[in-house]
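Starting off with a structure, shown below.
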Amino acid sequence: MGFLDNPTIILAHIRQSHVTSDDTGMCEVVLIDHDVDLEKIHPPSMPGDSGSEIQGSNGETQGYVYAQSVDITSSWDFGIRRRSNTAQRLERLRKERQNQIKCKNIQWKERNSKQSAQELKSLFEKKSLKEKPPNSGKQSILSVRLEQCPLQLNNPFNEYSKFDGKGHVGTTATKKIDVYLPLHSSQDRLLPMTVVTMASARVQDLIGLICWQYTSEGREPKLNDNVSAYCLHIAEDDGEVDTDFPPLDSNEPIHKFGFSTLALVEKYSSPGLTSKESLFVRINAAHGFSLIQVDNTKVTMKEILLKAVKRRKGSQKISGPQYRLEKQRQPNVAVDLESTLESQSAWEFCLVRENSSRADGVFEEDSQIDIATVQDMLSSHHYKSFKVSMIHRLRFTTELQLGISGDKVEIDPVTSQKASTKFWIKQKPISIDSDLLCACDLAEEKSPSHAIFKLTYLSNHDYKHLYFESDAATVNEIVLKVNYILESRASTARADYFAQKQRKLNRRTSFSFQKEKKSGQQ
């Protein structure tokens, strides 16, 4: 241990010791502010004055040279140590080594042995450019694929394939829908067909895409070439079609509807379509007749009898007297219920109660009906839509679409972009079953361009009346069509409505008769 009292030696020793050991540079900052050597060479002119500059003989300001280590510099980057030459050399060697790995050195050697012309010719052999005869025995993969998929070329719905979204999932907005096909065979109709469509497609485009995929997969039976022959209905998860709601509007975009399960249903009333042939059997009974619709002529007469009795009694339980069927031209001869309709060679029968006969007055109606009237009655069960306006008591009329078929009457409001529903109540769609219809009467006919009719139906044990207006021709067609449907369906609601109406009429007649009697006695 040595004791030193010379600040110059101590300062130099500390500077040299901290050149390689002080990474922070704080010692340099502390020691550079108090330089002993500089104070000895240039003592301050006044006490407490430690000037850092002196005036030269020529009057110029000269900077002092600090007596410090060469590694210590007075600059703003005093805390950063520069890399040594050794580190830079090692870094350069490392980069050269990496570059050598990427490069491959090939040593060029002169060819000593001379090769013959034959050997040189074999190295670069000349190829023959003659056209080869086509090999008819082997087909290309494209030809094989085209033969395996002939329906792709003859698919009448190819124009709708552009709405297929299977190749755009993740890049464009698409919608995945499970479509049930009630028109399919009994085994495959239980399984839905998954369709991925573009979100910008309309309902009509989606129907075309379904038909295109259906045809491409080779499903049976074949579809109609006209897309307008089909419509989309809301369906349950098990494939059951929800008939309480009307079909989706074909002009609306598909992203407007949030249904993930739909059903493709064929509509038979579109113009220009080959509709399925409807078979009707006429059952004459006391005070009227009924038209029973059948699918084919293979149906048994027992099924026709059950339908006729059920329609005659309505929603009541089939109990009480038993009935039998007789041919219209063969009275008192019962029809074999186990036989088919095809074996009977007749389309008109009589419903007769057991232990009775037509001679007893059970059936006395044998009127002839005009052929045109029968055709109108048969066509009345086909679906047809009309544009009418509903009349309200406390608000303006509402434009809607009235769809009439043999099973139900659908009332769908027509949404208009100009009409604002901000201050008015929006009309809800209504679906009325044909068994709940009671009457359809012409209320008023002012001119050929304006007429009003009233539709009466049963709702929650109460009779409701709806009033519609349109031109006279449309109103008369609607009234005639609905009345034909009501005549062919002997519903309980209609019978109860007329019975209640008759009771009210009798009470009014009795009240007026008693009033006249009292006035006559006075």
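Keep in mind that glycine also has a Cβ here, set from the backbone N, Cα and C atoms.
Just so it is clear, the model here is predicted, and its values are computed rather than measured.
Okay, so Swiss-Prot annotates it like this:
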type: DOMAIN; residues: 139-267; note: domain 'CRIM'
type: DOMAIN; residues: 382-487; note: domain 'SIN1-type PH'
type: MOD_RES; residues: Thr86; note: phosphothreonine
type: MOD_RES; residues: Ser128; note: phosphoserine
type: MOD_RES; residues: Ser186; note: phosphoserine
type: MOD_RES; residues: Ser315; note: phosphoserine
type: MOD_RES; residues: Ser356; note: phosphoserine
type: MOD_RES; residues: Thr398; note: phosphothreonine
type: MOD_RES; residues: Ser510; note: phosphoserine
type: REGION; residues: 2-267; note: region 'Interaction with NBN'
type: REGION; residues: 2-184; note: region 'Interaction with MAP3K2'
type: REGION; residues: 279-353; note: region 'SIN1-type RBD'
type: REGION; residues: 468-522; note: region 'Interaction with ATF2'
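Are these features on the surface or tucked inside, and what touches them?
Per-residue pLDDT, averaged over the domain 'SIN1-type PH' (382-487), rounds to 83.
In the three-state DSSP scheme, Thr86 (phosphothreonine) falls into the helix class. Counting only residues at least six positions away in the same chain, no Cβ atom sits under 8 Å from the Cβ of Thr86 (phosphothreonine).
Ser128 (phosphoserine) falls outside any helix or strand according to DSSP and counts as coil. Sequence-distant contacts (6 or more apart, same chain, Cβ under 8 Å) of Ser128 (phosphoserine) do not exist in this structure.
Of all Cβ atoms in the protein chains displayed, 15 besides its own lie within 10 Å of the Cβ of Ser356 (phosphoserine).
In the three-state DSSP classification, Thr398 (phosphothreonine) falls within a strand. All protein chains shown were included, and the count of other CB atoms within 10 Å of the CB of Thr398 (phosphothreonine) stands at 19.
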Between Ser356 (phosphoserine) and Thr398 (phosphothreonine), find the distance joining the two CA atoms and give it rounded to the nearest Å.
54
